[in-house]
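Feature annotations, reproduced from TrEMBL:
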type	residues	note
BINDING	CYS46, CYS49, CYS52, CYS98	[4Fe-4S] cluster 1 binding site
BINDING	CYS56, CYS88, CYS91, CYS94	[4Fe-4S] cluster 2 binding site
DOMAIN	37-66	domain '4Fe-4S ferredoxin-type'
DOMAIN	79-108	domain '4Fe-4S ferredoxin-type'
Amino acid sequence: MLGFAKGMAYTFKQLTKKKVTHMYPDQEMVWPERFRGIQHFAPEKCIVCNQCARICPTNCINLIGKKSEDPNKKGKVIDTYDINFEICILCDLCTEVCPTEAIVMTTNFELASYSRDELFKNLEWLDDNNTNVRGGDA
Ligand code: SF4
Ligand code: SF4
């Protein structure tokens, strides 16, 4: 009986406390400043230096550059850029090494899908993922 009373007392005490659960997805989530979400890629900023792909611990970045068609622009421009989110661990290393901030983190995180194929995100998709860019606008 004492145990039951103790249990009920604990239950009533919890009822008056502030809730720690979040009404996702109806309530917007507020993430910490350093939250690592899905990357935004800005192709016009990319100099095809390959540093992001080289540092990636899971080899999930594939990129191909091509010669610039603009005679005033030296060097390569990006042609294709893909990230495989089946194996990306959102470690942030690619964004840390990028010298031009062509690849940056966002706080977007919803990638759930019924197909693994949909976890391959290409240049266009990553370019369009330009909301909630960490540290400012894209
Ligand atoms: S966040 Fe990490 S694992 Fe994902 S693409 Fe960048 S370097 Fe690779
Ligand atoms: S590190 Fe940045 S500039 Fe270099 S290839 Fe990757 S995204 Fe492009």
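Just so it is clear, glycine is given a Cβ too, placed from its N, Cα and C backbone atoms.
Annotated features taken from TrEMBL, shown on the structure.
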| residue | record | DSSP class |
| --- | --- | --- |
| CYS46 | [4Fe-4S] cluster 1 binding site | coil |
| CYS52 | [4Fe-4S] cluster 1 binding site | helix |
| CYS88 | [4Fe-4S] cluster 2 binding site | coil |
| CYS94 | [4Fe-4S] cluster 2 binding site | helix |
Using a Cβ cut-off of under 8 Å, list the residues of the same chain at least 6 residues beyond the domain '4Fe-4S ferredoxin-type' (79-108) that approach it. 31, 35-43, 45-47, 49, 51-53, 55-66, 116, 119-123, 126, 129-135, 138
Can you tell which of the binding-site residues CYS56, CYS88, CYS91 lies nearest to CYS98 ([4Fe-4S] cluster 1 binding site) in space, using Cα positions? CYS56
List those of the binding-site residues CYS46, CYS49, CYS94, CYS98 whose Cβ lies under 6 Å from any atom of ligand 1, in sequence order, or write none if there are none. CYS94
Other same-chain positions with a Cβ less than 8 Å from the domain '4Fe-4S ferredoxin-type' (37-66) and lying at least 6 residues past its termini are 31, 75-91, 93-109, 111, 121, 123, 126-127, 129-130, 132-134, 138
Any idea what the Cα distance is from CYS49 ([4Fe-4S] cluster 1 binding site) over to CYS94 ([4Fe-4S] cluster 2 binding site), rounded to a whole Å? 12
Pop the Cα-Cα gap between CYS52 ([4Fe-4S] cluster 1 binding site) and CYS91 ([4Fe-4S] cluster 2 binding site) into the table, whole Å please. 12
Can you give me the average pLDDT across the domain '4Fe-4S ferredoxin-type' (37-66), rounded to a whole number? 97
Cβ-centroid neighbourhood (8 Å) of the [4Fe-4S] cluster 2 site, CYS56, CYS88, CYS91, CYS94 excluded: CYS52, ILE55, PRO57, THR58, CYS60, ILE61, ILE83, ILE89, LEU90, ASP92, LEU93
